[in-house]
Ligand SMILES: Nc1nc2c(ncn2[C@@H]2O[C@H](COP(=O)(O)OP(=O)(O)OP(=O)(O)O)[C@@H](O)[C@H]2O)c(=O)[nH]1
Ligand SMILES: [Mg+2]
């Protein structure tokens, strides 16, 4: 054993998940900040770091000398996992793994993210999505194995090739079963959204990178009440305490009511984006983002305390993700302005005006700017219609008036003689329904007129 163990404590008895993080880049300087945050989110203590700038080695990803260095670092730090922030192929995984001390796990960026999602998937939907992603990760590997085995096979009984083919078929069958179940969950959610719209709610979704402050902002804007009774029950890691400074604290969706000046809004918090995810992983979690894609308004939250370059990159990726499917207007929210000097905010606004034309600056933490954000939400939501109904006073008319109160914003309600007049604003669909109900009130009952 070498003596220069650095800060590695021999008797540290934490959870016992100790990881060395490593990354290779073709040029420039490899940045380990994000992979380290992801590792922490998965519950690893990062005990060592290693980077290399060189072209990819086909057999080892890193240069062979670097792999030897990696092995020494793993020994010195007593790590039991190596997390590599590169797209490591199966062959490379096998080769590097062979050079490492026995029992040391090899993890890449995608499997690490899957691990986090797996640990936190506490709804049926989230679990299905994780399973789907895992199966989609396995499928090409199983296919490769089956075709290799088939090639080497000798004629005869059920050979390895056939066995591997049946594994492959099994994966495909499971994938299609999970897809079906996810689809039926999505249909139920869509029905629920429609029902909420019919009740006069506007649906607003929070989107943005993980750790931007979406959940904190949600708590700031929303009333205490959580509306998702049990359909898609989800809790943050710790709902009562402060949000954690950690990637992917929110995985499922939470919807809460938020009262604006006039409009009743249902606010949905959801999973954050992250860069460089392979398409199979993104697609597996697509339905989590349905509440974003199908909202009436999207608040795109960015951490304004990051550098202009980081913000730009994240804004561009977010817009790409959103614009593929989203039709709702998007309002950009610069969050965490409590961390900025006043001049810095102006600089960021100017520098990013191309990707974020008219951002609202807030601090979810201190509440600064949140009132302006509420006003902006109301301005940007699709317009309401104004209507005036004159009804003969009766029990039915009174229940219609209270329905109108529940579903829209009543400006005036006046009684004159045996008539009541309600002057109100509501969504066009609500106005149409109120009119129809009013027409029913004044028309003679159907049975008698027949
Ligand atoms: N200084 C400061 N910190 C903030 C602000 N808003 C959020 N944070 C902190 O940023 C971290 C992430 O906040 P979250 O609300 O969990 O972020 P999120 O976007 O929901 O993250 P995911 O659920 O992981 O996607 C937490 O440590 C928050 O306390 C803010 O306005 N100012
Ligand atoms: Mg969150």
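Here the Cβ of each residue, glycine as well, is placed from N, Cα and C on the backbone.
In this view, residue 335 (GTP binding site) is surrounded by 28 other Cβ atoms within 10 Å of its Cβ, with every protein chain counted. The GTP binding site annotation in TrEMBL covers 208-215, 269-272, 335-338, 363-365.
Under the DSSP three-state reduction, residue 215 (Mg(2+) binding site) is assigned to helix. Per TrEMBL, Mg(2+) binding site is recorded for 215, 250.
What TrEMBL lists as coiled coil is 125-198.
The domain 'Hflx-type G' annotation in TrEMBL covers 202-385.
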**Study point:** Those residues of the chain, 6+ apart, with a Cβ under 8 Å from that of residue 338 (GTP binding site)
**Key:** 363, 365, 366, 368
Point to revise | Number of Cβ atoms other than its own within 10 Å, given for residue 214 (GTP binding site) | key: 28
Check your understanding: From the Cα of residue 215 (Mg(2+) binding site) across to the Cα of residue 208 (GTP binding site), what is the distance in angstrom?
Key -> 11
**Study point:** Average pLDDT across the coiled coil (125-198), rounded to a whole number
**Key:** 81
Review point. With respect to ligand 1, which members of the binding-site residues 215, 250, 270, 338 satisfy a Cβ distance under 6 angstroms to one of its atoms?
Key: 215, 250, 338
**Study point:** Sequence-ordered binding-site residues from 208, 214, 270, 335, 338, 365 with Cβ under 6 Å of an atom of ligand 2
**Key:** 214
Exercise for review: List the Cα distance (Å, whole number) between residue 250 (Mg(2+) binding site) and residue 270 (GTP binding site).
Suggested key: 6
